[in-house]
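Accompanying notes for the structure given below.
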Amino acid sequence: MIGMHSSFFVYFAHSQDYTMAENNFVDYVKIFCRSGNGGAGSTHLRREKFVPKGGPDGGDGGRGGHVFVRGNAQMWTLLHLRYKRHVYAGHGGSGSGHGSFGADGEDITIEVPLGTVARDAETGEFLFEITKDGETQYLAKGGRGGLGNTHFKSATNQTPRYAQPGEEGEEGWKILELKILADVGLVGFPSAGKSTLLSVVSAAKPKIADYPFTTLVPNLGIVSYRDQQSFVMADIPGIIEGAHEGKGLGLRFLRHIERNSMLLFMVPADSKDHRKEYNILLNELEKYNPELLDKDRYLVISKADFLDEELQREISAELSDIPHSFISSVANQGILQLKDKIWQILNPS
Ligand SMILES: Nc1nc2c(ncn2[C@@H]2O[C@H](COP(=O)(O)OP(=O)(O)OP(=O)(O)O)[C@@H](O)[C@H]2O)c(=O)[nH]1
Ligand SMILES: [Mg+2]
C-alpha cells in the first residue's frame, strides 16, 4: 500500500495546502455517456471502362469512438466533471468505393483522480476502479465498423450488393465516485482534534476551530516517517451519533475511509465517557459498511494536555482492552510514538 500511489501524493507534497474549499470538493458525478456507432461498410461495385461487371470494392466502415476514463495523478476531485452531464464520442465514418475505409469516430477521454470507481447508474454494478496514473478503462465501447462488400464475394456471387451495417455504440448513465486512497483515516466526533493532528504531522493546513463541523470536506496529508518514508493520512468531517440517519454531515464522507488500510479513532481527553464515544463511532461505521470494522484500528485519546498523570492512568485502566495511546497535538506529546505505532500497523513484519 505504501508507496503504491506515490505519484498521486508527490503532487500534494509540493502543494502547501491540500485543503479544498467545500464547494470545490466533488466526489460523485453522474454522466450520460454514448460511444459512437460504427460506420457502415460500403456496397460499392467497381465501375471501369471496358469492365462491364466490376467486382465489389466497398471499404469497411470506421469504428465508433470510445469513451475512456483515465487516471490522472495530478487531480484529486471530480470537480471538473460537475457540469458534464453528457459525453458523446464520434460515430465512425462509412466505407466507400475503391476500398476506402471510413474514419474512426473520435474517442473521448475523461480524466479522473486516482481512487475513482465507475459504476453503472441503473444497476449499480461495479465496472472498474482507477488506481494508477495513466490507467485507462472503457466507460463505453464504440461500435465496430461494418465490413464492406469485398468481404462477401463468393464463388456463387461475384458482385455482392451486401455490406454490414456498423455496430451500434453503447449508451447509458454512469456514476463516477471518488474514494480517496489513503493509508490512515481519522475517525472521531467533531472537535476531537483530527485536523489539528493532521496539521502537526503533515504539511497540510486544514481549518481548525473549536466549533463542530469545522471540516466540511476531506483533507489529505503526507506524513513523513523516518528515512524518507511516508504514509498518507485522510482527515474527514466529524461523525456524530445518528450519522447513519443523516445527522450532522451524515455518512457521506465515510466512503473516503473505505479504502484506507487502517482507521485511527480519536476521542478527546475531556470526553465524558471515552469508551461510549468510541463505541458510538464503531456503531456508526458498522451501519454504513460493516466491512469497515475489519480494518486495523487504533484509538488515541487526544488533548492529553488536559490530563495529569493520575487521570491518564485511570482512563488507561478503563480502556485496558482497547489498544490505545495518549497524544496532545498542541503540546506535541505522544506524536512520534503514534507515528511509530501507525507505521507498525501499516507494515506488519
Ligand atoms: N488543548 C488541546 N486542544 C486541542 C488539541 N488538539 C486540538 N485542540 C483544539 O480542539 C478544537 C477542535 O480541533 P479540530 O482539529 O478542528 O477538531 P476536528 O476533529 O478536526 O473537528 P471537526 O473538523 O469539526 O470534525 C480546536 O479548538 C483545537 O485547537 C490538543 O492536543 N490539545
Ligand atoms: Mg476538522
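Along the chain as shown, the residues are counted starting at 1.
Positions of Cβ are set from backbone N, Cα and C atoms, glycine also.
Listed in TrEMBL for this protein:
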- 188-195, 213-217, 235-238, 302-305, 328-330: GTP binding site (BINDING)
- SER195, THR215: Mg(2+) binding site (BINDING)
- 23-181: domain 'Obg' (DOMAIN)
- 182-347: domain 'OBG-type G' (DOMAIN)
- 43-63: region 'Disordered' (REGION)
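A map of TrEMBL features onto the structure.
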{"residue": "GLY188", "record": "GTP binding site", "CB count, 10 Å": "25"}
{"residue": "SER191", "record": "GTP binding site", "CB count, 10 Å": "21"}
{"residue": "LYS194", "record": "GTP binding site", "CB count, 10 Å": "29"}
{"residue": "SER195", "record": "Mg(2+) binding site", "CB count, 10 Å": "26"}
{"residue": "THR214", "record": "GTP binding site", "CB count, 10 Å": "17"}
{"residue": "THR215", "record": "Mg(2+) binding site", "CB count, 10 Å": "25"}
{"residue": "VAL217", "record": "GTP binding site", "CB count, 10 Å": "22"}
{"residue": "PRO237", "record": "GTP binding site", "CB count, 10 Å": "24"}
{"residue": "LYS303", "record": "GTP binding site", "CB count, 10 Å": "22"}
{"residue": "SER328", "record": "GTP binding site", "CB count, 10 Å": "21"}
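Put simply, SER195 (Mg(2+) binding site) is 11 Å from VAL217 (GTP binding site) when counted between their Cα atoms. Reported as a whole number, the C-alpha separation between GLY188 (GTP binding site) and SER195 (Mg(2+) binding site) equals 10 Å. Over the domain 'Obg' (23-181) the predicted model carries a mean pLDDT of 91. Shown for the region 'Disordered' (43-63): DSSP residue counts in helix, strand and coil, namely 0 helix, 4 strand, 17 coil. DSSP assigns GLY188 (GTP binding site) to a strand in the three-state reduction. Taking only the Cα positions, the spacing between PRO237 (GTP binding site) and THR215 (Mg(2+) binding site) is 5 angstrom.
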